[in-house]
Amino acid sequence: MDTKAFKRALHQSDRYNRKGFGKTTDVSGALESAYQSDLIQSLRQNGYRLQRGEITIRLAEAFGFCWGVERAVAIAYETRQHFPQERIWITNEIIHNPSVNQHLREMSVEFIPCERGEKDFSVVDRGDVVILPAFGASVQEMQLLDEKGCHIVDTTCPWVSKVWNTVEKHKRGAHTSIIHGKYNHEETVATSSFAETYLVVLNLEQAQYVCDYILNGGDRDEFMTRFGKACSAGFDPDRDLERIGIANQTTMLKSETEAIGKLFERTLLKKYGPQALNDHFLAFNTICDATQERQDAMFQLVEEPLDLIVVIGGFNSSNTTHLQEIAIERQIPSFHIDAAERIGPGNRIEHKPLHTDLTTTEPWLPAGPLTIGITSGASTPDKVVEDVIERLFDLQRS
């Protein structure tokens, strides 16, 4: 499928919108009351620091809602204003934040039913409005919705669209796209749909395995057992790893994406030599600025003397998880929560340790003077961060 031609035709359709409906003023009040915070604004103006009693809060200097998320949520609110009577669907969570998605449900925005990973688009009728989330949607989903005669409102983050353009360049050059990401993450599913041939690697360990295979060959069946769910249909590691291009899920850890890119570059250089390297390897910077800024701010925060860190964001939020990883690497006690309600009653917290299920820790907050680091993922509203901070202050009074 010529994905570029399809996108061009879709963008010209009068049933497609990706710029909103000019109703920013109409929805600004609702957005401000639901998501903004005077307390957080005050923290920003006072060196990202706040002390009450024996608790000092130290807030990361880049955190929370990014521009792409703000844009997606605003367009979703505008869509309800523009189509007050129509049935509105969304193909997935608009962003990985439970409170934001709940607000959309309260606005009668319905979520496409999904069972065992399969979406049921039979519920969508001609003339319905369908919102594509900030992560984007696969080409196949867009094509299906277009054929159904739906009004498509596309809130895909422009940084994600940039990655799609990158993998289309890979395709035109007959390069396999090596995508650093989680193969079943919504964004990576969408990105891979624009590629002809692709392989998704989760981390540096998997990338090293692939590079060893490129240089030394190996057991093809073992390779496919390991990556069978993370590659394009008909993928052949003996054929499809001769020409590669690098892309990534925009929310991955910047340092790991860079390390993976350099590893593949060294591998192809070793195999084909400097004269032929450009024929066999393409590198593009598809790391999201907002993701990078939040990670850089977290690296700065963990250099301070902190007793613990609270990381706030959806449990399925990739960028939030990577912020937690930074705290763990520095051996700072960290607690990943998605809402203030996870704290209490009493000195108890329900949180999600890395790579495990939700757990409850009690007591979790040490006695005495404390300096607590706070950060949040790109899908977390300031209001949620405020609620967490206030809950922490409440604990010292209880």
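Cβ atoms here come from the backbone N, Cα and C positions, even for glycine.
Of the residues proposed, His96, His103, His280, the one Swiss-Prot records at the same dimethylallyl diphosphate site as His185, Ser317, Ser318, Asn319, Ser379 is His96.
Secondary structure at Cys157 ([4Fe-4S] cluster binding site), as computed by DSSP, is coil. Considering only the recorded positions Cys66, Cys157, Glu187, Cys288, Ser318 (dimethylallyl diphosphate binding site) has Glu187 as its nearest partner by CA-CA distance. Counting neighbouring Cβ atoms within 10 Å of each of the binding-site residues (His96, His185), the lowest count belongs to His185. Nearest in space to Asn319 (dimethylallyl diphosphate binding site), taking C-alpha to C-alpha distance over the binding-site residues Cys157, Thr250, Cys288, is Thr250. Classification of Ser318 (dimethylallyl diphosphate binding site) by DSSP places it within a helix.
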